[in-house]
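Q: Dumping the structure here so I can ask a few things about it.
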Amino acid sequence: VGFKAGVKDYKLTYYTPEYETKDTDILAAFRVTPQPGVPPEEAGAAVAAESSTGTWTTVWTDGLTSLDRYKGRCYHIEPVAGEENQFIAYVAYPLDLFEEGSVTNMFTSIVGNVFGFKAXRALRLEDLRIPSAYTKTFQGPPHGIQVERDKLNKYGRPLLGCTIKPKLGLSAKNYGRAVYECLRGGLDFTKDDENVNSQPFMRWRDRFLFCAEAIYKSQAETGEIKGHYLNATAGTCEEMIKRAVFARELAVPIVMHDYLTGGFTANTSLAHYCRDNGLLLHIHRAMHAVIDRQKNHGMHFRVLAKALRLSGGDHIHAGTVVGKLEGEREITLGFVDLLRDDFVEKDRSRGIYFTQDWVSLPGVLPVASGGIHVWHMPALTEIFGDDSVLQFGGGTLGHPWGNAPGAVANRVALEACVKARNEGRDLAREGNEIIREASKWSPELAAACEVWKEIKLEFEAMDTL
C-alpha cells in the first residue's frame, strides 16, 4: 500500500528551492514571522501548503490526484534586513488552482485560512505577480485612462475633484447645491463620501436626482463636461446594480463603489455593468487600512491595488504623500505605476517584488485625497503627474468665501502649476513662489493661501521597506 498515514513536515513536500518558476504561475511574496522554534523553510512551506493543496495530515485521497501538478511551492526564502526572525518567502502557485476572472477565488486561496495558521506568528502578503494568462481572463477597468480623457475631453493636466462635506447629515437638495457650486467654480468632479449610501436624512434616489441637476446646470454654464461620483454601494448586489441603472438613466458620466466593504464579487459585477453601459467607475478603498496598515501582518496596499485593476475600476484612492493620510513617496509611486502603466519592472527600492506585465489591461487613475490644499498643489502635480485625480474636500469647502471660490482657487492653482511645469520650472523648488505669483491675479486663491498657510499634518512614516 502506497499510503502512509501520519503527520509529516510541510517542507518535505512544499519547500522546493530548485523549482524553476513558470510564466503561467502566480507568484507571491510573503513576509513570514514564524513562531519561535519553527525554521523558516518549514514556515514558508506551511504557507505554500495551506494556501494550496495541503492540510495538516497526510490523507489517502492525495493519491487520487497529482500533487506535483497542483501544489503551491515555496521556492525561495530570504531574511528581511533589519528584522530578526522575519523572512520573505516566495511561493509559486500553478494557474490551475484558480477560477478564471475571479479575484474572490484568488484571494480565498492565497490570503485565506493560511493567515490564521498557528506555526506563523504573523504573515503579510507583500506582492503578487499576476501572469498574463490569468490577467487575460479579466475585463479589468470599465474604460481606463485614455477613454476617460476622451469622454471628458480633458487633456494635459490632472483632474480636480472634491468630496462633499459634511459627509453625513445634509439633505439631498442642500447636497446638490454644494455639488453645483463646486462644479461651477471649476472642478471636474465632486464626490459622494464613501459612507453616503442611502440613509434616513438623504435617500439615494433623491441625491442622484439633485446631483444630476447640478451636473447639467454647471455643464451648461461652463461648457465643460462635469461629473459627480454617485455612490452605488448598497447592502445587496441587486440594490447596487439598481442604483447604477438609475444613474445611467440620468445620463451622468460616473458612479462609485467602496470595493473592499462591498467585496470583489460585487465590484466585478458593477465594473462589467459600467463597461456595458458607458459609465466610469470611481473606487474608494474604505477599510484598506484594516488590512494593510500593520507592517508584519495582512496585505500590502499594492496587492489590493493590483486586485482592483483586475476586478475593475477607473479611479482608485491611493494616498497623497503630502496630506493627512499616510503614504511613503517611493512606495506610493510604486503602486501608482502598477495602477497606470502597462509594464512595471521589479524594483525592490519601491516595494515592487516582481515584474508585472498587464498585457494591455486598461489603466486606473490614482486619486490623491485627504488633507490636501492649495499649497500642496505643486508637489502633487510633480509627484502624480497628469494621469491622476487630485481631490480637495475641506480644501475646497473650507474656503472662507464659500464653495465656488474654493473651487476657483484650486483650479487656478492647478493651471498655474501645469503651466509652470510646461515652461520647464522646477515645481519642487519653486512651488510656493508659483502659487504666490498666481494668487496676485486670483483673489480666491489669495484667500485660500492665507487660510492654509500654517497647516501641517505630518507624522513619522509607518510604511517603510
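Note: Cβ is positioned from N, Cα and C throughout, glycine not excepted.
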Q: If Swiss-Prot gives Asn113, Thr163, Lys167, Arg285, Ser369 as binding substrate, which of His315, His317, His399 does it give for that site as well?
A: His317
Q: Give me the sequence-ordered set of same-chain residues, not including Lys191, Asp193, Glu194, with a C-beta within 8 angstroms of the centroid of the Mg(2+) site's C-beta atoms.
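A: Apart from the listed residues, the neighbours are Thr163, Ile164, Lys167, Asp192, Asn195, Val196, Tyr229, Asn231, Met256, His284.
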Q: Which one of these recorded positions, Lys4, Lys165, Lys167, His317, has the sparsest Cβ neighbourhood, judged by other Cβ atoms within 10 angstroms?
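A: Each of the recorded positions Lys4, Lys165, Lys167, His317 was scored; lowest Cβ tally within 10 Å is Lys4.
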Q: Going by C-alpha distance, which of the binding-site residues Thr163, Lys191, Arg285, His317 is nearest to Lys4 (N6,N6,N6-trimethyllysine)?
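A: Comparing Cα positions, the closest of these binding-site residues turns out to be Arg285.
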Q: If you draw a 10 Å sphere on the Cβ of Lys191 (Mg(2+) binding site), how many other Cβ atoms land inside?
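A: Excluding its own Cβ, the number within 10 Å is 29.
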Q: Can you tell me how far the Cα of Ser369 (substrate binding site) sits from the Cα of His284 (active site, proton acceptor), in Å?
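A: One finds 10 Å between the Cα atoms of these residues.
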